[in-house]
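Q: First the structure, then my questions, so here it is.
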Amino acid sequence: MGKITFYEDRGFQGRHYECSTDHSNLQPYFSRCNSVRVDSGCWMLYEQPNFTGCQYFLRRGDYPDYQQWMGFSDSVRSCRLIPHAGSHRIRLYEREDYRGQMVEFTEDCPSLQDRFHFNEIYSLNVLEGCWVLYEMTNYRGRQYLLRPGEYRRYHDWGAMNARVGSLRRVMDFY
């Protein structure tokens, strides 16, 4: 079970809301979010309701302002607790519909360019565990939560383009 607390002001000040489950619409609980404390679990925050918009991956820890989670603004409108999995496996493809060169990962990868020799992924298949895909190397840029399943095109995971720089397993549950 996870626990996250959202604060309207920086430095864990102002009105706050404590959460332990997925929420598709946080707007009734606070108008802005400038700091977050994750007591347990791994969470994906979304800028828009219904798990849409920019995504931000947070694990246990304190985030005294939204820049700490690489946020572009103080807008957090939905959140999802990411389930813990024991093993992780993902396949990435250079073309849509699982065509072209394929590479499989079971560990984090800070630079797809170094391992895969290109930085555009058009389809993927998450076989085990949850992953976070990052637009840039070294776990920077836009983030996308990938749960087990098939993603035939980059639009399926919410991306505007096929650029992928790095990927990380979701592991820190406690």
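Glycine too: its Cβ is placed from the backbone N, Cα and C atoms.
Annotated domain 'Beta/gamma crystallin 'Greek key' 1' per Swiss-Prot: 2-40, in sequence order, evidence recorded as sequence analysis. Summarising the annotation, Swiss-Prot assigns domain 'Beta/gamma crystallin 'Greek key' 2' to 41-83 and lists sequence analysis as the type of evidence. Annotation comment: Swiss-Prot describes 88-128 as domain 'Beta/gamma crystallin 'Greek key' 3', evidence class sequence analysis. Under the heading domain 'Beta/gamma crystallin 'Greek key' 4', Swiss-Prot lists 129-171. According to Swiss-Prot, the feature region 'Connecting peptide' maps to 84-87.
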Q: Reported in the order helix, strand, coil, what are the DSSP residue counts of the domain 'Beta/gamma crystallin 'Greek key' 1' (2-40)?
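A: Its residues divide into 0 helix, 21 strand, 18 coil.
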Q: Restricting to the domain 'Beta/gamma crystallin 'Greek key' 4' (129-171), report the mean pLDDT as a whole number.
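A: PLDDT averaged over the stretch: 95.
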Q: Work out, from DSSP, the number of helix, strand and coil residues along the domain 'Beta/gamma crystallin 'Greek key' 2' (41-83).
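A: Helix/strand/coil tally for the domain 'Beta/gamma crystallin 'Greek key' 2' (41-83): 4 helix, 22 strand, 17 coil.
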Q: With helix taken as DSSP H, G or I, strand as E or B and everything else coil, how many residues of the domain 'Beta/gamma crystallin 'Greek key' 4' (129-171) land in each class?
A: 4 helix, 21 strand, 18 coil
